[in-house]
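**Student:** From Swiss-Prot, for reference:
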- CYS559, CYS568: [4Fe-4S] cluster binding site (BINDING)
- HIS654: chlorophyll a B1 binding site (BINDING)
- TRP671: phylloquinone binding site (BINDING)
- 46-69: transmembrane segment (TRANSMEM)
- 135-158: transmembrane segment (TRANSMEM)
- 175-199: transmembrane segment (TRANSMEM)
- 273-291: transmembrane segment (TRANSMEM)
- 330-353: transmembrane segment (TRANSMEM)
- 369-395: transmembrane segment (TRANSMEM)
- 417-439: transmembrane segment (TRANSMEM)
- 517-535: transmembrane segment (TRANSMEM)
- 575-596: transmembrane segment (TRANSMEM)
- 643-665: transmembrane segment (TRANSMEM)
- 707-727: transmembrane segment (TRANSMEM)
Amino acid sequence: MALRFPRFSQGLAQDPTTRRIWFGIATAHDFESHDDITEERLYQNIFASHFGQLAIIFLWTSGNLFHVAWQGNFEAWVQDPLHVRPIAHAIWDPHFGQPAVEAFSRGGALGPVNIAYSGVYQWWYTIGLRTNEDLYTGALFLLFLSAISLIAGWLHLQPKWKPSVSWFKNAESRLNHHLSGLFGVSSLAWTGHLVHVAIPGSRGEYVRWNNFLDVLPHPQGLGPLFTGQWNLYAQNPDSSSHLFGTSQGSGTAILTLLGGFHPQTQSLWLTDIAHHHLAIAFIFLVAGHMYRTNFGIGHSIKDLLEAHIPPGGRLGRGHKGLYDTINNSLHFQLGLALASLGVITSLVAQHMYSLPAYAFIAQDFTTQAALYTHHQYIAGFIMTGAFAHGAIFFIRDYNPEQNEDNVLARMLDHKEAIISHLSWASLFLGFHTLGLYVHNDVMLAFGTPEKQILIEPIFAQWIQSAHGKTSYGFDVLLSSTDGPAFNAGRSIWLPGWLSAVNENSNSLFLTIGPGDFLVHHAIALGLHTTTLILVKGALDARGSKLMPDKKDFGYSFPCDGPGRGGTCDISAWDAFYLAVFWMLNTIGWVTFYWHWNHITLWQGNVSQFNESSTYLMGWLRDYLWLNSSQLINGYNPFGMNSLSVWAWMFLFGHLVWATGFMFLISWRGYWQELIETLAWAHERTPLANLIRWRDKPVALSIVQARLVGLAHFSVGYIFTYAAFLIASTSGKFG
């Protein structure tokens, strides 16, 4: 009996129903709730699992390199990046007929292949890889790192190598290690790779281990570094006629501030990128020496926080008590980490297209669309997770005595003001934005499109002008040709910036108008509503006027029985659950906007977006319907084409999405009755009744069914849009 699943909970292992299985899976990673868990074992388990996570990541990236080297066309792509389609891997499928074999044999391949829309070809090319042998070497190295990570994870579970709790809670040492050791040293190492391998590679010089020590990255070597003449490293940059990967038009500079884009590759100058990483390395190497550890110098974080008491008294006891609150709560730390990572991931989505760093990636439109959408969705899930763990912190780890009248306690004390302000902002944005859209729809429907309310985003245009965009005629700061900022910019810093901002061939500072104004506020509505639900969930997690003892019920509970009416759907988990729908909704609007705007930009008919994006029917007809036409014809009675797999995935995504509603709309009692009927039929059916079960079948709990519904809704939603995005973009641009 003791060996039944789950072994981490004897109470659950003895449950006679199928609840044992589902609750076991649901709580498998909730280490805090396991039998016999101690704080020390909790920290050690999480620490060891990090190495397993790293091993999986290294194995996965190794697989990418290996499959491209084995089945891809990297060497052919390198010869002509703009016209050869990069191959991710081969496809073998016994169901393929001759039309499918022909449709999927692309990129110069002999048989069916998948085209890579991940941008890895451009990345590998930019950082200096040129041959399949390079890819195999990288795959082997990452495989080696994966094995090392697994060994390290196993090692740190052995008694002799298990770190103590005090080691885990040594915040200063950890910060120093992460800032200097991880960010600082890795940025410096990456600068080294760019300067020694990637930049020579972009100039037609093949640097590998055999000649690494013989090839000077700069004609003057380390001389300028030691003599303080650092500006010599910026002299003689690549010319505007430079052909990437060759010596034609190349220079000798290694660290520059050119600004703008390489004219041929449409990506940032590699020498600018190296300079950026060197600066980052310097900042983090210094930052990693700020905190007091072994030598008695530097800051103590606890002292810093204890001293943060604003003299005006408006923030009470300021940051007193926060050090121990944060340092003793893994949920608080995870919440902070997820919030930071979520913001960074969204910034990555934004910057990968507006300031492309990889050679020729800006001209690979499908890859640009896929990467933007991918990173925005990931950012959404990570950010909602941050609030989820913030709420769990308030329920499990928050100590009111320890935080009396500090900034954290004061957040809880005036939560009504915070929540009601967010509610007011959401209502204002929602009614006004929808009102404008609907008004415009009515005007078009009644044949008077000239009566639409079209608002120019003059403040945003002014900001773009201040950064150098001249087309609006604002004549301010960098767009003012006789101003000091403009003149300094032409020589001292980023001379290429102004020409890049005013080029219409890139995505830097797109020209904006009334359609952008409206969708911007629609997105603002989504962001504020998502935030409202998440913030309310966290701030009400310990209790509310309706349910003051809420924290005693834990993070996820359906209701407090029939005796307390109105306690359903108010757990912190329910807030997270509702917020994910709004998050998906918001990112849908963000990606629709980005994609439609860019399709018209790439096709050279931006006026279609400008004219149709000011009313809802325009979005439905001229974006969704118009761009799904190729998808809907991916296969039909007359045959199929290379979009057929996306057409099928589009259909399948809708199916998964719709399945979600089955769990979201019908609740536990319906399923319980159905299960009991099915069990009755099973037990009375010959042959079938030879199969018995130990656990009595019961329906999922309300919370679990909601999770299953949410998972189907999310996965189906994203699958559907991914298929639409890739097919509609690749169908137009190849």
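Placement of Cβ uses the backbone N, Cα and C atoms for every residue, glycine included.
Map the listed features onto the structure and describe their local environment.
**Tutor:** Counting Cβ atoms from all protein chains shown, CYS568 ([4Fe-4S] cluster binding site) has 13 others lying within 10 Å of its own Cβ.
Note on HIS654 (chlorophyll a B1 binding site): other Cβ atoms within 10 Å of its Cβ, all shown chains, come to 15. Annotation note: HIS654 (chlorophyll a B1 binding site) sits in a helical segment as assigned by DSSP.
TRP671 (phylloquinone binding site) falls within a helical segment according to DSSP. Contacts of TRP671 (phylloquinone binding site) defined by a Cβ separation under 8 A and a same-chain sequence distance of 6+ are given as ALA699, LEU700, ALA705, in order along the sequence.
Packing against the transmembrane segment (135-158) from elsewhere in the chain are residues 44, 47-52, 54-56, 58-59, 61-63, 65-66, 68-69, 74, 124, 129: each is 6 or more residues past its ends and has a CB under 8 Å from a CB in it.
Panel annotation: around the transmembrane segment (175-199), residues 126-128, 207, 212, 215, 217-218, 254-255, 270-271, 273-274, 277-278, 280-281, 284-285, 287-291, 293, 301 of the same chain, lying at least six beyond its termini, place a Cβ under 8 Å from a Cβ of the stretch.
Listed as Cβ neighbours of the transmembrane segment (517-535) (distance under 8 Å, sequence separation of 6 or more from its ends, same chain) are residues 384, 387, 418-419, 422-423, 425-426, 429-430, 432-433, 436-437, 455-457, 460, 575-576, 578-579, 582-583, 585-586, 589-590, 593, 613-614.
Proximity of distant same-chain residues to the transmembrane segment (575-596), defined by a Cβ-Cβ separation under 8 Å and at least 6 residues beyond the stretch ends, is recorded for 353, 369, 372-373, 376-377, 380-381, 383-384, 387-388, 391, 516, 519, 522-523, 526-527, 529-530, 533-534, 536-538, 540, 609, 613, 619, 622-624, 627, 706-707, 710, 713-714, 717-718, 721, 725, 728-729.
Long-range contacts of the transmembrane segment (643-665) within the same chain: residues 100, 103-104, 628, 630-635, 705-706, 708-724, 726-727, 730-731, each at least 6 residues beyond the stretch ends and with a Cβ under 8 Å from a Cβ of the stretch.
Residues of the same chain lying 6 or more positions beyond the ends of the transmembrane segment (707-727) and with a Cβ under 8 Å from any Cβ of it are 26, 117, 366, 369-370, 373, 377, 577, 580-581, 584, 588, 591, 595, 624, 627-628, 630-631, 634, 643, 646-647, 649-650, 652-664, 700.
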**Student:** Looking at the stretches 273-291, 369-395, 417-439, which one shares the most CB pairs under 8 Å with the transmembrane segment (330-353)?
**Tutor:** 369-395
**Student:** Measuring Cα to Cα, how far is CYS568 ([4Fe-4S] cluster binding site) from HIS654 (chlorophyll a B1 binding site) in Å?
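**Tutor:** One finds 30 Å between the Cα atoms of these residues.
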